[in-house]
Amino acid sequence: MSLPPLTLYLAAPRGFCAGVDRAIKIVEMALEKWGAPVYVRHEIVHNKYVVDGLRAKGAVFVKELDDCPDDRPVIFSAHGVPKAVPAEATRREMVYVDATCPLVSKVHIEAERHHAGGLQMVMIGHAGHPETVGTMGQLPDGEVILVETVADVATITPRDPDKLAFITQTTLSVDDTADIVAALQARFPAIVGPHKEDICYATTNRQGAVKAMAPKADAMLVIGAPNSSNSKRLVEVGRSAGCAYAQLVQRAEDIDWRALEGISSIGITAGASAPEVLVNEVIEAFRTRFDLTVEQVETAQENVEFKVPRVLREPAGA
């Protein structure tokens, strides 16, 4: 029996970004240097496959520093941590490595700079997301006002409307954030913004590729974790760019094949913490059911790389 034809559009860029790549390397190098167990505060990146792989090598994932012994190394996740966390690790004389993405650290520095200049911060982000918690935790309580939607902008009550600056989570929807920024600027004309957009290159590029791919595809799958902010945004971007059926799947076994009956094209992308091995697994699952033609939809090229901290580049005992 011949298989039905299907065009599979593959978004590029997709998958791992430089910050995720660096964070995973940090855990692997820490295990090489210090042996197991190495403790990691929160999931190093939001992807079950990656976390399970590191756990098998000897990484122990915990919620808080209280769950770590004093005498084993601890790594802080790529999302960033409140200032109180490294301060506590230092007090306990722990060996720690900060795997915060450098582009998240840039937002932290920005927040501190504006705070030092007497400005109150408005953060555009998702409540409870580790990155938002970490960024807001760079400043004293009450110094950062969280805004999640355009509607929130109308309800906030800053100390002084003329002394405000805004920052954003790095993994937001580019379009939604632009709407919130416009609302902030309309209500608070004096508000100061970042020199360069806080939403990172990888988030922007992956959303750009989805926008180019979505109108061509009958359906779209985003490979990513349900707790991955940037992956969930890719689903939303796909839907708003004209693809009626856009779904998040962790891996091939999650695909709802009945929902895909009768399609002649599908778009595939992956969130910034999803490894390429899971993309290949999904493509192979389609290959067993369809006569597949794969077309890459490339909208940008990436060559960003971040160095790991010096402590991991030095031999043990150095």
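Count begins at 1; order follows the chain as displayed.
Any Cβ shown, glycine's included, is placed from N, Cα and C.
Look at E131 (active site, proton donor): DSSP puts it in a helix. Swiss-Prot lists E131 with the feature active site, proton donor, giving sequence analysis as the kind of evidence.
DSSP assigns C17 ([4Fe-4S] cluster binding site) to coil in the three-state reduction, placing it in neither a helix nor a strand. Sequence-distant contacts (6 or more apart, same chain, Cβ under 8 Å) of C17 ([4Fe-4S] cluster binding site) comprise C200, Y201, A202, A272, E302, V304. Per Swiss-Prot, the feature [4Fe-4S] cluster binding site maps to C17, C101, C200; the stated evidence is sequence analysis.
The feature isopentenyl diphosphate binding site is assigned by Swiss-Prot to H46, H79, H129, S228, S229, N230, S273. For N230 (isopentenyl diphosphate binding site), the number of other Cβ atoms no farther than 10 Å from its own Cβ, over all displayed protein chains, is 26.
Remark: H79 (isopentenyl diphosphate binding site) has H42, T100, C101, V104, H129, P130, E131, G134 as non-local neighbours, by Cβ distance under 8 Å and separation of at least 6 in sequence. The (2E)-4-hydroxy-3-methylbut-2-enyl diphosphate binding site annotation in Swiss-Prot covers H46, H79, H129, T170, S228, S229, N230, S273.
What Swiss-Prot records for H46, H79, H129, S228, S229, N230, S273 is dimethylallyl diphosphate binding site.
The two recorded residues, S273 (isopentenyl diphosphate binding site) and T170 ((2E)-4-hydroxy-3-methylbut-2-enyl diphosphate binding site), show a Cα separation of 14 Å.
According to DSSP, S229 (isopentenyl diphosphate binding site) sits within a helical segment. The 10 Å shell around the Cβ of H46 (isopentenyl diphosphate binding site) contains 28 further Cβ atoms across the protein chains shown. Applying an 8 A CB threshold to same-chain residues 6+ apart, the list for S228 (isopentenyl diphosphate binding site) reads H46, N47, G271, A272, S273, A274. Overall, the recorded isopentenyl diphosphate-binding residues H46, H79, H129, S228, S229, N230, S273 cover a maximum inter-Cα distance of 15 Å. Counted within 10 Å of its Cβ, the other Cβ atoms near E131 (active site, proton donor) come to 24, all protein chains included.
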